[in-house]
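Taken verbatim from TrEMBL:
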- 25-39: compositional bias 'Polar residues' (COMPBIAS)
- 71-80: compositional bias 'Basic residues' (COMPBIAS)
- 225-242: compositional bias 'Basic and acidic residues' (COMPBIAS)
- 243-269: compositional bias 'Polar residues' (COMPBIAS)
- 276-294: compositional bias 'Polar residues' (COMPBIAS)
- 298-312: compositional bias 'Low complexity' (COMPBIAS)
- 92-120: domain 'C3H1-type' (DOMAIN)
- 133-158: domain 'C3H1-type' (DOMAIN)
- 25-90: region 'Disordered' (REGION)
- 225-328: region 'Disordered' (REGION)
- 92-120: zinc finger (ZN_FING)
- 133-158: zinc finger (ZN_FING)
Amino acid sequence: MKGVAPIKSEYLVASAKVEEIAVTTSNNVESTAVSQPASEPTLKSAEKDESVPASEPTSEKRAPDTDGGNAKKRRRKGQNKQREKFSNQRPAQADRLCKAVLCGTTCSYGDVCKFSHDIAKFISQKPADLPGECVNYKAHGYCQYSFACRFAQSHVQLVDGIYTNMTNKDVVSNSKSVNSLNKDNMMLLKKRKYDFSNSAAATKEAQEFVDKIVRRNVEINSTKKLESSADGKTEEVDKPTKDSGNTVTVSESDSTKPVGNSSTSNSESAKPVSDCATSSGESNKLANDGNSESAKPVSNGSVSNSDSVVCSKEPSLQTSQDAVYSPVGPLTDEQEFAIKPGEKKTINFDNKLYLAPLTTVGNLPFRRVCKTFGADITCGEMAVATKLLQGVSSEWALVKRHSSEDVFGVQLCGAFADSMSKCTQLLTETCELDFIDINVGCPIDLIFDQGSGSALMRRVNRFHEIVRAMVNVSNIPITAKIRTGISETKSTAHNLVTKMKTWDLALTTLHGRSREQRYTKCADWSYIDECAKLSSPMPLYGGGDILSFEDYNTAMKTSVSGTMIARGALIKPWLFTEIKEQRHWDISSSERLDILRDFSNYGLEHWGSDTQGVETTRRFMLEWISFLHRYIPIGLLERIPQKINERPSPYFGRNDLETLMASPNSADWVKISEMLLGPVPDGFFFIPKHRANSYS
């Protein structure tokens, strides 16, 4: 529910003076934004103009009015799909420097190359370098963007009339990202030659298993109806479809039945899928995995895991792969600690702080910021399984992992067991992951209409197939994220978690709102508590409305095993520190600017320090600030803590920078980005992707 944040009266802005203050402070900002150094900001913010929605800029660039002047108010929530986007024109090919020249190698195309080979001309035409040191050169001792880097003055030198990209061999890099799709695997995917025989066997077994449950329940229901018929007439029984889950019950005997051999015995090339064994006391122990020998993916490096990641071995029949781990002589450290074919990773999910997978804003630089403040578990943005299988580079960017993320997972979205199991096999064989999460909570219409996301909550049998196929083919834990239900008036998660706890899931996360609610009402923690009791012994995390350590403490009084934090981390990423230290942090505006500076440096390292990388970093920073500006400093509140859906009246901060950071005007967010990333291109404007009627 919406509310008004209780701000101290001395910081409130009188409504009659808002327009006058907006004009005055905006002029002050424009006159000082360029001349002031980033270390000593003396900026003033334009206060909120009630005639301009918070999700639109104050410039002349506006999304077109398509309602024909209709007085009916349009719904303003969810993704701002109709927003106008700024597109920065890339220079012509003849003005862009050849990649071979950037790398210091010889171009194979020679004089017929479409790109420029004139380094001096390129440097004279590119935008002026930004002040400061190149983060890539500082972190790695070498900048791969060479002469195109916007901080080139720190590593490009003119020696005897020749521009040279310098290398510092004394730097030892401790920062790296993994999980990129290499060219060999990309070609196998695009040519559809990647060996998915293992996942095919797992999918077949899962479908047969669920079909057996459906047929058995049809027989049970039919028998009950015949017995209850008083007049002796038989009643026609509707057979449930594969997608319905209203009559499906999973008995303990079926859920503990060994899998794999029954579906693969007729195929010589297919390996045993798994030996799923679940007892009433260990229902979330993970099953064994048999990887296909014919699939030979190329590894992309490794990331060390935290102490919370351990291995548990379950008995299984020895396969030919076991011989690989039975060398003669002493074991090396790599052989001793490697995950064997008869083992699976498990994760200790007890009382961890889990940073939720966040579309657009949950990128790698933001996750690095949250890790510095104490997040225990991180997860990449939702990735569509079919796009990963097609080798789409933009989708594969979502599964990248930084070395600081010690417990990291990927969230997959899909509607069919075959694509989800294939994607699971692909990720486990080519990436360094600790778990894979299934998205069963996405409320977006595009995802829902395709039968994935929260639509799986009403297609229980289909959901069961997906989970079982993924568990069979994976050697890492499989988790799921769900909502309370689809309809606002009917919660169904309590029925679903009683089934899910027999599916060998390592963890279920429950968002305390339905699909129809989105974020318009408070999360129902009493219902989360009820579901957590029903899900035992499977761990269940709760999520929703946590913005302070007091909210966290209240949530942990329920039966949940831990909490997932989403919007709270976007509004105040230092929330993880507050929770672990059990205190309210009255963070200063300069400290908040330092957080944005860290994000800027992480972004330049991740997206690049050339012009395109700088503008990409700026765009994602602005998307984050669209949430970050909602934070109200502790010292300005009459009552603490701030609640997540409380909206403040227009107010002054304790200094100019704090006032600027509190502005709901996107033009002021752009000014903050200019303090860290330099001036924006000509004609630049920004409209945020997300707009929520729970706040703005």
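Numbers run from 1 along the shown chain.
Note that Cβ sites are derived from N, Cα and C of the backbone, with glycine treated the same way.
What you see is a predicted model, and the numbers here were worked out from it, not measured in a lab.
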Within the domain 'C3H1-type' (133-158), residues counted as helix, strand or coil by DSSP: 12 helix, 3 strand, 11 coil
Composition by DSSP (helix, strand, coil) of residues within the zinc finger (92-120): 13 helix, 2 strand, 14 coil
Averaged pLDDT score, the domain 'C3H1-type' (92-120): 86
